[in-house]
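Structure, as structure tokens:
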Amino acid sequence: METPTMKPDTVLILDYGSQYTHLITRRIRSLNVFSLVISGTSSLKSITSYNPRVVILSGGPHSVHALDAPSFPEGFIEWAESNGVSVLGICYGLQLIVQKLGGVVVEGESKEYGKMEIEVKGKSEIFGSESGGEKQMVWMSHGDEAVKLPEGFEVVAQSAQGAVAALESRKKKIYGLQYHPEVTHSPKGMETLRHFLFDVCGVSADWKMEDLMEEEIKVINKTVASDEHVICALSGGVDSTVAATLVHKAIGDRLHCIFVDNGLLRYKEQERVMDTFERDLHLPVTCVDASERFLSELKGVVDPETKRKIIGREFINIFDQFAQELEKKHGKKPAFLVQGTLYPDVIESCPPPGTDRTHSHTIKSHHNVGGLPKDMKLKLIEPLKLLFKDEVRELGRILNVPVGFLKRHPFPGPGLAVRVLGDVTQGNALEVLRQVDEIFIQSIRDAGLYDSIWQAFAVFLPVRSVGVQGDKRTHSHVVALRAVTSQDGMTADWFNFEHKFLDDVSRKICNSVQGVNRVVLDITSKPPSTIEWE
């Protein structure tokens, strides 16, 4: 898929591997300004092709002194200055600016990690002329520090330890923040970003979801010839459903949807989802029950990455078979496969094929990206790959997808395979998990909490526990409950249930699900954990 046409006020982010890079993008988009991330080592030709108004250099785990330290291309600073493009370096990005423009960066005697207080020095553009002397808490994460600035730059904020916290060159329109304004741990960070974009750079807040929808429809029509057919893999989740609805709007009945029951679905998921597709969404969907096929391939597999690879491979094999059947019916084999891959999927699965990302660490291989076989015959169409989950829901509302469906909690492509720790085919793990999950989710709905939680689910743990049920000793399974709040799934906090709710749910599970005698609650945020257990 091609990238949608950029707007004149695009903010381009060069990614140097920070775990927070995606948050910069998300925060900027929340201001109705379009933002996009590309590799920090992209060519100058690639950077200029986006015609950005602002370029932000992200943080990263590297030291500018390392031999293989990533950097922007030769001529980048000269191009930015001559074209009036503002540049902001964050953390590593600041140090890169200092070093490349003739300043000095050294390993700091005192590392600065976590919350730190900074003080704004005098008048500055990036903080506003009235901010001199102001103190604020920010989130630092760096070992190196700038000790000598390039010519024409001045320090506009310092940390409590005396380190450079912010710098700027008004003449060159180049700015730097040693801390991360994009994280919530920097309370005034959004205010600083807003001031920088609108007051300093003059960016306009004119990006709307309708714009992206129209651009994606143009790209789809340009990619898919008028006589070609397209397959869409529907999972029953929000992402694939919105993707299917968007592609259907673009090419109509040349879209053929397939829903695969891989044996790893939730309680009564197949019948519930198919009913929604047919009754509310009016999408043409073929249901394929391949549960025995998937479970046979997964027998004995414990490693979560291997599970993802197997599931991704089997999905593609089924899609290829479906394509052959469509070829017999329509006289031409479909060449494209639509998937509801989102921006977080791409980021967490990086470096995925074709994205040229080289400086981030793979967290997990999403089956839409990292789990696809290299010899796949179908070409991918991923119309949501630039969007976060909440943006997909907004797009769905524009496309008239029922609100109740859009509010569904995310469900992973590999399904319950990543919620059963260990062999999914061993014993009755899947059936136990389905029952526990159904009780948990229904209890959340009954308590009126469903819309307040971003995702909730149960996990089957590969351990047994001694218990007492019916005055008898039992040696049964342990299950975990997980519920988180989040905006986009990239970071998350655990949901704080009332004790009575947890007490009631635990009793219901232990009294209703045979083989379970202990329920535990996951209270870990992301990071350090992921949302799914795996």
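The backbone N, Cα and C atoms fix where each Cβ goes, glycine too.
Going by TrEMBL, these are the annotated features:
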type: BINDING; residues: S235, G236, G237, V238, D239, S240, T241; note: ATP binding site
type: DOMAIN; residues: 207-408; note: domain 'GMPS ATP-PPase'
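Annotation for S240 (ATP binding site): same-chain Cβ neighbours under 8 Å, separated by at least 6 residues, are C232, A233, L234, V338, Q339, G340. The Cβ of V238 (ATP binding site) has 24 neighbouring Cβ atoms from other residues within 10 Å, across all protein chains displayed. Remark: T241 (ATP binding site) has L234, F277, L281, L283, G340, G396, V401, F405 as non-local neighbours, by Cβ distance under 8 Å and separation of at least 6 in sequence. In this model, the domain 'GMPS ATP-PPase' (207-408) carries an average pLDDT of 84.
The binding-site residues listed here are G236, D239; among them, D239 has the most other Cβ atoms within 10 Å of its own Cβ. When the binding-site residues S235, G237 are compared by the number of other CB atoms within 10 angstroms of each CB, G237 has the fewest. The Cβ centroid of S235, G236, G237, V238, D239, S240, T241 marks the ATP site; residues of that chain outside this set whose Cβ lies within 8 Å of it are L234, V242, A243, G340, R408, F411, given in sequence order.
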